[in-house]
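J.: Handing you a structure now.
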Amino acid sequence: MLVRLGSRCLFFPKTKTLVTSLHFLRFLCSSELQHLQPVDPRPSLPQLEPSNDADLISQVLLQHHNPFHAMESSLQLHGISLTPFLVHQTLLRLKHSSKIALSFFQYSQFHPSYSLDSTTFNLLIDILCKVHQFDVAWQLIIQMDQKCIKPNFTTFYLLIRRLISAGLTRQAIRAFSEMHIFMDEESEEQVWKSYFCYLLDTLCKYGYVKVATEVFNKEKWRLELNCKIYTILIYGWCKVKNIDMARRFLGEMLEKGIDPNVVSYNVLLNGICRRASLHPEGRFEKVIREAEKLFDDMTERGVEPDVTSYSVLLHVYSRAHKPELLLDKLRIMRRKGICPNIVTYSSVIKCLCSCGRIEDAELLLELMVSNGVTPTSATYNCFFKEYKGRKDVDGALRLYEKMRQGSLCPPNVSTYNILLGMLLKLGRIGLARDIWEDMKASGAGPDLDSYTLLVHGFCEKQKWKTACEFFMEMIEKGYLPHKVTFETLYRGLIQSNMLRTWRRLKKRLDEESITFGSEFENYHLKPYRR
């Protein structure tokens with residue numbers, strides 16, 4: 001594939017191209033609550049797929065795109081024929097570089113061989129909202145409307161979810177209320193009936209259950225109350241450790257003649273088991289008694305516990321570091337004909353690893369695979385965390401190489417971050433740099449946590465020049481460092497009598513902020529009040 005860089009033509013070789021986290025609560029959010037949603041198609045974006053051309057374009061932009069201007073994009077990508085698939089896959093590869101993604105988008109919208117579609121806008125909106133560029137996201141939605149590319153629910157779901165995750169619940173609710181204006185085929189009443197569960201669920205997932213309850217009480221007159229809505233609210237109150245309120249909503253549900261299903265009980269069971277302290281020993285026994293009582297209530301109402309019900313209970317044993325009780329419960333579960341899933345096995349493996357029984361965890365992993373359950377990167381991260389605790393670099397690298405060579409699932413960004421943290425802590429700087437390059441080449445990262453780890457790690461080793469380099473790279477990629485990262489770097493440079501270095505760094509930061517601003521000069525919207 002021919003790529004024009006400036007006035008030169010270069011040939012680049014074609015490159016090879018938990019479910020979620022082990023956190024069981026995340027599993028309940030993403031898996032168990034999925035079928036609580038309305039029957040409408042769930043909002044979704046394209047997934048990363050192999051594409052040599054997308055790999056090539058993203059590599060060119062990431063390596064040579066400075067100072068991130070659309071004009072430079074047109075010079076670098078001159079002569080390339082863009083297709084929807086190529087644009088989508090390139091944006092997915094630029095998800096950690098918001099400014100480069102925006103420049104590529106600006107270039108693509110004037111490309112003669114490509115017509116913008118809603119998926120392209122949605123991908124960019126998600127990338128920008130991830131770094132809190134909500135004003136630009138709104139301008140893109142307006143631009144979609146002007147170009148007669150109708151925003152769909154996915155467009156607004158991405159915006160609303162990121163607003164809520166940033167704590168801007170008022171703006172998220174306003175965006176939801178105004179959504180029908182852009183979605184011409186939907187009336188305001190239809191929007192509230194069809195998509196309210198999504199708003200409620202997202203508020204609860206991010207811990208804003210009080211806001212969710214207020215919106216529910218205000219708008220329930222226009223809703224068809226059902227098991228889905230009540231289960232989401234039960235989940236929200238469980239998440240903030242208010243089990244009494246969760247039980248109240250279960251009671252209200254029963255009073256209205258709405259029968260709870262297995263998911264409703266699983267959510268409450270999860271709240272009882274996950275949110276309680278298990279120490280001292282008496283508290284663990286109390287939690288188990290409450291969980292068993294809820295099991296009995298389920299059975300009395302004709303609701304049979306499923307694999308998730310048992311997985312929640314297993315997780316209590318895992319938290320209490322009781323591997324024998326855990327394995328015994330797993331055997332009982334299998335005898336009842338309930339097949340463990342990835343979350344069940346992961347809870348047991350996590351417990352075994354944290355108790356130092358890594359050999360038993362490996363045997364269970366083999367059993368898991370033989371039973372047709374495919375491990376995820378999150379499953380293997382349990383082993384990496386134990387290796388980190390043991391300071392066993394060799395063991396961690398052996399498993400890492402197996403994952404890289406393709407015999408296991410590939411490492412994810414959490415895997416790389418665990419390895420980076422361990423290697424930096426142990427002073428294995430060379431290996432840490434190798435892992436960093438592998439992560440960049442794989443496309444799994446880096447993310448904000450990756451850069452934070454590196455900056456803090458090099459500060460601890462008093463390698464100030466390297467820390468400053470990664471700090472600037474972090475800013476250039478559109479990541480806003482945590483306040484503690486600013487303070488750590490500043491304090492370290494001052495204590496090391498490197499005030500001049502800090503001044504130069506501050507000057508570059510100011511210059512970069514101007515450049516960053518110029519990227520968005522076409523989008524004149526007032527910023528949100530933080």
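A Cβ is built for glycine as well, from the same backbone N, Cα and C atoms used for every other residue.
According to TrEMBL, the record shows the following:
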- 117-151: repeat 'PPR' (REPEAT)
- 226-260: repeat 'PPR' (REPEAT)
- 306-340: repeat 'PPR' (REPEAT)
- 341-375: repeat 'PPR' (REPEAT)
- 376-410: repeat 'PPR' (REPEAT)
- 412-446: repeat 'PPR' (REPEAT)
- 447-481: repeat 'PPR' (REPEAT)
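Locate each feature and note its surroundings.
T.: As a summary of secondary structure, the repeat 'PPR' (226-260) carries 26 helix, 0 strand, 9 coil according to DSSP.
Within its own chain, the repeat 'PPR' (306-340) is flanked in space by residues 24, 28, 32, 262-263, 265-266, 269-270, 273-274, 278, 284, 287-288, 291, 295, 298, 347-348, 350-352, 354-355, 357, 360, 368, 371, 373, which lie at least six positions past its ends and keep a Cβ under 8 Å from the stretch.
In the predicted model, the repeat 'PPR' (376-410) has a mean pLDDT of 89.
Helix, strand and coil residue tallies for the repeat 'PPR' (447-481), in that order: 26 helix, 0 strand, 9 coil [DSSP].
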J.: Provide the three-state DSSP residue tally for the repeat 'PPR' (117-151): helix first, then strand, then coil.
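T.: Split into helix, strand and coil, the repeat 'PPR' (117-151) gives 26 helix, 0 strand, 9 coil.
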J.: Using DSSP, what is the helix/strand/coil residue split across the repeat 'PPR' (306-340)?
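T.: Final tally across the stretch: 26 helix, 0 strand, 9 coil.
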